[in-house]
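Take a look at the structure set out below.
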Amino acid sequence: MIYKLAARYPIQVIAIVGILVSMAYFSFLEALTQEDFPVLIRALKRFGILDGFPNTRLPNEMILKLSSVQGEDASVWEQIPAAELGGEGFVDFDITQWYYPANAKVDVAQLVEPYRNDCIFHDASGACHFFFKEVGNWTVSSIALPSNLANPPIDYFLDSSSTVIQRILPAIREHGISWSWLLQLIARTWMNTLKIASQASKTELLIVGTAYACMLISIVSLYLKMRRLGSKFWLFFSVLLSTLFSVQFAMTLVRASGVRISLVSLIESLPFLINVVALDKAAELTRQVITRCSVSDSHSPMHEDIAKACRNAAPPILRHFSFGIVVLAIFSYCNFGIKQFFLFAAVMIYDLLLLFSFFVAILTLKLEMRRYNAKDDVRKVLIEEGLSESTARHVADGNDSSATTSAGSRYFKVRYGTKIILFIFIAFNLFELCSIPFKHYAATSAAAARLIPLVRSQYPDFKSQRLLDDGVFDDVLSAISSMSNIESPSVRLLPAVFYGAELSSTSFLSTIHSFINNWSHYISASFLSKWIVCALSLSIAVNVFLLNAARLNSIKEEPEKKVVEKVVEVVKYIPSSNSSSIDDIQKDEIAQESVVRSLEECITLYNNGQISTLNDEEVVQLTLAKKIPLYALERVLKDVTRAVVIRRTVVSRSSRTKTLESSNCPVYHYDYSRVLNACCENVIGYMPLPLGVAGPLIIDGKPFYIPMATTEGALVASTMRGCKAINAGGGAVTVLTRDQMSRGPCVAFPNLTRAGRAKIWLDSPEGQEVMKKAFNSTSRFARLQHIKTALAGTRLFIRFCTSTGDAMGMNMISKGVEHALVVMSNDAGFDDMQVISVSGNYCTDKKPAAINWIDGRGKSVIAEAIIPGDAVKSVLKTTVEDLVKLNVDKNLIGSAMAGSVGGFNAHAANIVTAVYLATGQDPAQNVESSNCITLMDNVDGNLQLSVSMPSIEVGTIGGGTVLEPQGAMLDLLGVRGAHMTSPGDNSRQLARVVAAAVMAGELSLCSALASGHLVKSHIGLNRSALNTPAMDSSAKKPATDALKSVNSRVPGR
C-alpha cells in the first residue's frame, strides 16, 4: 500500500509530491490568468498602474499620425513623440503584432479570438482580419484595435488573455505594489463580493453561508483535535496543505477534461470542498498512529508502527471516501447542471491519495523527531539526576536504539536526496544551455500543433522602427487611411508578443524543453519565489536537526579490551556441587597468559602510561600496593568489566575470609556501563533476585502483568490470587489525585522577627512567584507547584512541591531548591538567612511522617474494586462479612492501637518493595510509599475494596530504571522512559499499577487470615528441600485446624 512507502521513505514522498504540486500550480496559475479579474484590474487602475492601458507607455513603442502633405492631395504617416499628445488628443487605433516561425503550420486565428468583437477589420466570416508580412524566418501578423486614451474601457480587459497579462506585469514591476494597494485590493474584493451577494437569492446566501460556517467549524475542530494529540501547529497545517494540494490537482484534472469552472464558482465551492474531504478523518488517522507508536515497543522501527496503524485506520476511511466518490461521480455523470460535482469527486480522490502519502510522510517525520526529542529529553533528565554525560547518552540510546538510528539514516537519505536534486538541477541547466542552437529548429518544426508564448529576450530584437522601414505595417496603415469616417487618426505600434511553435508530444526533448521554459517563467514570479525561499529555509532547519541526530548516532563507545573477551570465554558458572572453583580456573588462565612481572616493573609501566600492557594479576598487585585507588579502576583501565573483576579479586584477598574471589556471586555478562556513575560504586558483581509475575490484573480496562522481585515465598502466589478475584469483578479502577515530589530545606535567621518576615513573604503571591521563577529556571522538566512553610523558633522549614515529569526527580529538585534559596538570599532582601540543610526532613524522604500521609508526596492514588460474593467464596475461600470484620479489627483498630501513621493495611510494603525492586525504583522509599489505608464494605452481598496511597514515589527515568533487567520490566508494563506525548504519564501509570497490585495483595492476605489459611499456605509454598531439614510425615501437616475449632465454638461463627 501507498502508506507503507510513505512511512518508509517520507522525504522522497514529500519531494515527489512537491514536484507534482509545483507542476499543478503552474497549470492552476495559467488557468487563473484566463479568468475574469475585475477587482484586480480596478485596484491596479486605482493606483495608476494601468493608466491609459493599453496605451501605457511601454518600451520600443512608436506613435504615428496621419498628416496631409502640403500642396498635394495626399497624406503620409509621420512619427511623433509621445509627449506631443499631452493627454488631450486621443489614439484611435492600436496595432498589435504577433511573431511566430514562418513555416509553422498553425491556426493563428486563435491568437486574436479574445478580440473578435473589437477588431477594426473583419473578413467575410466575421473573424478578425490579419495583415501578414514575412520578416526573415518569422511571420508578423498584425490587427488593428480601437483604443481611447482618456477613458480606456475596463470591460475590454476582463477577457484578458496571456498577451494582456504579459503587458500588465511590466507596469506592475515598474510601479510596485504597496501595503495601501493591498488594502485597496481587499476593499475592492469585499465590495465586489457584496455586489455578487446582492444578486443572489436569500436561499443561495443561506446555503453558502452555512457551508462557510461549517467549514470554519471543521477547521477549528481539526485544530483542537491536533492540539489534544500533542501538535500545536504543524500537523494541523499539514492537513490543510494536503487539502489545498488536492484542490490544485483536481482543478488541473477538471480543466484537462474540458470542464471550465470560473473563479467565482470556485470560491463559492470552497466550503463544500473542505466539508467533503472530511478533515476529521485525518485527525482520526493521526490519533491511531500516535497511539500505536506510543504503546508499541520502542525498539521496533517507526515506519512499521505507522504502517500497522494506517492499516487499522484505513478501512473506515476508505469506506467514507469510496461512498462519497461514487455518489459524486454518479451525479457528475447524470449531468444535473452542477458541474462542480466532477470537481468534488476529483478533490476526494486526490485527498485520499495525499492523506495516505503526503500526510503520512509528514506524520512520520514528526514522530521521528518526537522520538528523537524524547530520547534527548531522557538524556537531559538523567544528567539532571546526577548521571555523567557518557552514561546518560548510553542509557538513552539503549532505551530507544531505533530513534537515533532512524533519525541518522533519515539524515543520510536527505543528504543523498539533496545531491540527486542538485544533480538534476545542474543537468537541466546544462540541457538549457546546450539546447539553444536547436531552439529554432524546434520552433519551426512542421509537426507543430499550436503556439506558445516565448521569452522575448531569447529572440531577435524586432524594433518598431525597423519593422516600419521594412513595410510590415504598410497594409494595415493603408487600410486605416482609406477609412472615410476618420480624419488625422493616430496609431500606436505596440511591442509585439513572440510565439514559438510547440512540438508534438512524441518529442521527449520538446517536452523537457517546454517544462523548463514554463518552470523558469513561473519561478520568476515574486509570490512563488518567496515560498521557495521559505521551503529551502525549512529544509535547512530539518537537515540541521537530522545532522545532529546522525552525529550523536556516530558516537560509539570504546570497544572492550580483548583480555576481557578471553576471560569470558574461559570462566563459566560452576554449580556449588562441583569440586572445581572459579578461582582455580582464573589462576590457570592468568598463568597461561603471561608471567607476572615484579611490582617495581609494574609501577614503572603504570607511571609511563602503559597500563594496557599489564595483565590482571599485575593490576591486582598495583591495587593491593595502593598505587591504584580501588574506586578508580574503571577510569584507569577504561574497561568496566575488567575493573569489576580486579576489584573483586583485591577485596577478596584483602578480606578476612578470602572467599569472594571464588564465590558464586556472578560478575560476568552484565552491562556495568549503566551502573557506573549512576547506580553503585566499588562494584564487585551483581546480586540476582528471583523475579515473579502476578496477573494479568485488569487496571482501568487494560490488562497488566505485575513484575515482583522477592525472596519471600507465597507473596507472588498470594498476589496472583488477589488479581484473579479482582478480575472476576471487572478489574480495578484507579484515580490519581496528586502528583508532586517535595524537598524541604531548613534555613535559620538571627531572630524570630526576621524568620517570621521570611515566612510571610514566602506565603505571599509575590514570594511564591519569585521562588517559582527561580526554581523553574534550573530545569526543563521540574516545575514548582507551590511552597509550604513551617516555623520553629528562628528556623524556617520550606517544603517545595514540584512536578518532575516521568523522573522521580529528587536530584533535579535539590538543584532547583539550591538556586531558589540563593535568589531568596541575594535578591529578596534576606541576606542574613543561613541555609542549614537542603534537606531538613520536612520533605519527608525515606522516613515515616504524618506530612506525607496528609499532604502526599509523589503520586497520590486511590484504587477500588468490586468483588462479587460468589468470587469471594470460590476464589478467596471466605465470606464478605468475615473480610469486612477482619479489616476493621485488624487494619483499622489494630493499627490505631499501635499508633501507626499511614499503616492501616495488612502488608502494603511487601508488594511495594517487590515491585520497586523489579522496576528499578528506590527500595528505601518504600517507607513512605507504603502509606496505605485499606477499606472494605459489604455492598449488596459484594465486597467493595479500596486502597488509598497518598505517597507513591516512582519514576520511569533515572536511578535503577537505567539497568536493562529493570528496564525490561518497565517495558513489560509499557511505561519505560519518558512518555512521548504527555510527560509524566508513564510514571503516573506505574503508580496506578503499584496501587492496584497492593490492593490485590491486601485482598489475598486478608482472605487467608479470615479463613485461617495463612500458616498452611506459607508452609506449603515457603519450604524448599534445599534449606529445610527433613521432617516426618506427622510434622508436615499444619495445625491450622485448631483455629477453626476455636472459632467454631463461638456463637454465630
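Glycine too: its Cβ is placed from the backbone N, Cα and C atoms.
Features as listed in Swiss-Prot:
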type	residues	note
TOPO_DOM	1-8	topological domain 'Cytoplasmic'
TOPO_DOM	30-203	topological domain 'Lumenal'
TOPO_DOM	225-232	topological domain 'Cytoplasmic'
TOPO_DOM	254-258	topological domain 'Lumenal'
TOPO_DOM	280-320	topological domain 'Cytoplasmic'
TOPO_DOM	363-417	topological domain 'Cytoplasmic'
TOPO_DOM	439-526	topological domain 'Lumenal'
TOPO_DOM	548-1053	topological domain 'Cytoplasmic'
BINDING	Ser779, Arg780, Phe781, Asp806, Ala807, Met808, Gly809, Met810, Asn811, Met812, Ile813, Ser814, Asn1022, Arg1023	NADP(+) binding site
ACT_SITE	His1018	active site, proton donor
MOD_RES	Ser1024	phosphoserine
Checklist outcome for this item: Using DSSP three-state counts, the residues of the topological domain 'Cytoplasmic' (280-320) come to 35 helix, 0 strand, 6 coil
Next on the checklist: Mean pLDDT across the topological domain 'Cytoplasmic' (280-320), rounded to an integer, is what?
Outcome noted: 76
Checklist outcome for this item: Under 8 Å Cβ-Cβ from the topological domain 'Cytoplasmic' (225-232), and at least six residues away from its ends along the same chain, one finds 239, 280, 283, 286-287, 290, 366, 370, 980-982
Checklist entry - What count of other C-beta atoms do you get within 10 angstroms of the C-beta of Ala807 (NADP(+) binding site), across all chains shown? => result 30
Checklist outcome for this item: Same-chain residues at least 6 beyond the ends of the topological domain 'Cytoplasmic' (1-8) with CB under 8 Å of its CB atoms are 302-304, 306-307, 310-311, 314, 353, 356-358, 360-361, 364
Next on the checklist: Check the DSSP secondary structure of Ser779 (NADP(+) binding site), expressed as helix, strand or coil.
Outcome noted: coil
Item to check | Distant-in-sequence neighbours of the topological domain 'Cytoplasmic' (280-320), which means Cβ under 8 A and at least six residues beyond its ends | outcome: 1, 3-4, 7-8, 218, 221-222, 225-226, 229-231, 235, 239, 242, 352, 355-356, 359-360, 363-364, 367-368, 371, 399-403, 406, 971, 974, 976-977, 979-981
Item to check | Count of other CB atoms lying within 10 Å of the CB belonging to Phe781 (NADP(+) binding site) | outcome: 21
